[in-house]
Amino acid sequence: MLNNNLTATSEAVSEGHPDKIADQISDAILDEMLKRDKMAKVACETLVSQNLVIIAGEINSKAKKDIDIKEIAKQTIKNIGYTNIEYGLDYKSATIIDAIGSQSIDITNAVEKKNTKDIGAGDQGIIFGYACNETENFLPIAYELSNLILQKASKLRKSGQIKWLRPDAKSQVTIEYDSNKKPIRISNIVVSHQHDPDISQELLRQTIIEKIIKPTLKNKSMLDENIKYYINPSGNFVIGGPTGDTGLTGRKIIADSYGGFARHGGGAYSGKDATKVDRSAAYMARYIAKNMVAAEISKEFEMQLAYAIGIPNPVSIKITTGINDNEYEKKILNFIINNFDLTPNGIIKKLKLREPVYSKTCTYGHFGKNELEWEKLDFVDTIKKEFKI
C-alpha cells in the first residue's frame, strides 16, 4: 500500500546482468584499442544471448589487426563470474562471433577536420549532465544506494563468502522526501538476485537483508525498522544471465547515469570512443554540474548540450538550477561558455578521454567514481570566486 509522502525510486543492475555483460565487452575492446592507438575510432556493439556472443560495430585503428576480439570477450565474461553454463553463460564454451567493420568514410571526414586541430562531433544529439547535494558524491541517494547494495553482493559472491550467489542481479531503492524535497527515510528496497537451485527463499531473504543490505546501509541515517524488503519477489531466480534474457550494449542508460532523477538524451555511453559526444559531452556536463553544486550555486544542477555532426561547438546549451531567477541563470550560462571548452577536442583534453579508462565506468554507474577525471572538484574555487559565494 502506497502512503501519501513524496517518493522517488532508482534501480541498478549488477555486472552479471545481460545488458551489462554487453557493455563490459564493448568497453573492454575500446580500452584495448586505446592502449595501442589513442586515436582509435570505436563504436562497438555487443549482443549476448544463451551461450552466444556477437560483437559488431565499426572500428578504425592501426591497432585493429593486433587485437584478439574474441579473447577480450572471453576474459571479460570470465572476470564477471560466468564460469559455468548453469549460470546462463560460460566463457569456456561460448560461441563468439566477431563481425566488426570499419567506420564510414563520411563520418571520418566529418569528425576529422582537414587543416585544423578541431574535431567535429561524431553525431548529432542532445546530452545531459546532472548533480545534486543528496550525497557526498553529488548523486541522488536512491541511485547511490541501489548501486552500493549490488556492489556489496558482488564482493561477497566473488570472494566466495556467499558461494550460492550467481552473477545476475538487480536492485531498487525508494526514498521518501519531506515537503522541502529533503530525503528523510528509505521506504522500500527490492533485490532480485540469481542463486543456486538448492537455496531456500528463507535463507536467501535473510542473507540478502542481513549480510548485504544492512551492512551496506549501516551508516545511513534513513535506515529504520519500517523499511519494506522485497527479496526475489518473483520467487526462484535460478535461470539468469543471457539464458534468461538477451543482453545488448547501451540498454541500461538510466542505470548508467542518474537513476531517473535527470533527463537523458537517449544516446548510450559504452563502446564509444570520445569523439562520440553521447559519451564525452555527458562526462563534461556531469563535471560542470558537479562543480556547480559543490560550489553551492544550487542544490541541484542539470545541463543540456546539443551538437550537430561535424560541428565542433555545441549548437545549444541549457541549464536548469531550480532557482527562479532568469538573470542569475544567464550569468551562470555565460560563465560556462567563457570558462569551459565544450568542443570534442577540448573535452577530450580536459578529461583525458584518450586514456583506457572505460572499463572502470561501465558497471555501477558512470558517475560518482572519484578517481575519474569528470568527478574532480577542481573548479569549485573558481566558481565561488566568480559568484562571490
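Yeah, the Cβs are placed from backbone N, Cα and C, and that goes for glycine too.
All TrEMBL annotations are machine predictions without curation.
Under the heading domain 'S-adenosylmethionine synthetase N-terminal', TrEMBL lists 7-104.
As annotated by TrEMBL, ATP binding site applies to H17, D168, A169, K170, D245, R251, K252, A268, K272. DSSP assigns K252 (ATP binding site) to coil in the three-state reduction, outside any helix or strand. Packing around K252 (ATP binding site) is summarised by its Cβ count: 25 other Cβ atoms lie within 10 angstroms of its Cβ, all protein chains included.
For D19 (Mg(2+) binding site), the same-chain residues lying six or more positions away in sequence with a CB closer than 8 A to its CB are V13, G247, L248, T249, R251, K252. Residues or ranges marked as Mg(2+) binding site in TrEMBL: D19.
In the three-state DSSP reading, E45 (K(+) binding site) counts as strand. Other Cβ atoms within 10 Å of the Cβ of E45 (K(+) binding site) number 21 in total over all chains. Marked as K(+) binding site by TrEMBL: E45.
Under the heading L-methionine binding site, TrEMBL lists E58, Q103, D245, K276.
Look at TrEMBL and you will find 103-113 tagged as region 'Flexible loop'.
Secondary structure of the domain 'S-adenosylmethionine synthetase central' (118-237) per DSSP (helix as H, G, I; strand as E, B; remaining residues coil): 35 helix, 39 strand, 46 coil. The domain 'S-adenosylmethionine synthetase central' annotation in TrEMBL covers 118-237.
According to TrEMBL, the domain 'S-adenosylmethionine synthetase C-terminal' annotation covers 239-376.
Counting residue by residue with DSSP, the domain 'S-adenosylmethionine synthetase C-terminal' (239-376) contains 54 helix, 16 strand, 68 coil. Nearest by CA distance to A169 (ATP binding site), out of the binding-site residues E45, E58, K276, is E45. Taking DSSP states H, G and I as helix and E and B as strand, the domain 'S-adenosylmethionine synthetase N-terminal' (7-104) has 37 helix, 36 strand, 25 coil. Packing around D245 (ATP binding site) is summarised by its Cβ count: 16 other Cβ atoms lie within 10 angstroms of its Cβ, all protein chains included. Rounded to a whole number, the distance between the Cα atoms of H17 (ATP binding site) and E58 (L-methionine binding site) is 24 Å. Taking the Cβ of H17 (ATP binding site) as centre and 10 Å as the limit, one finds 28 other Cβ atoms among all the protein chains shown.
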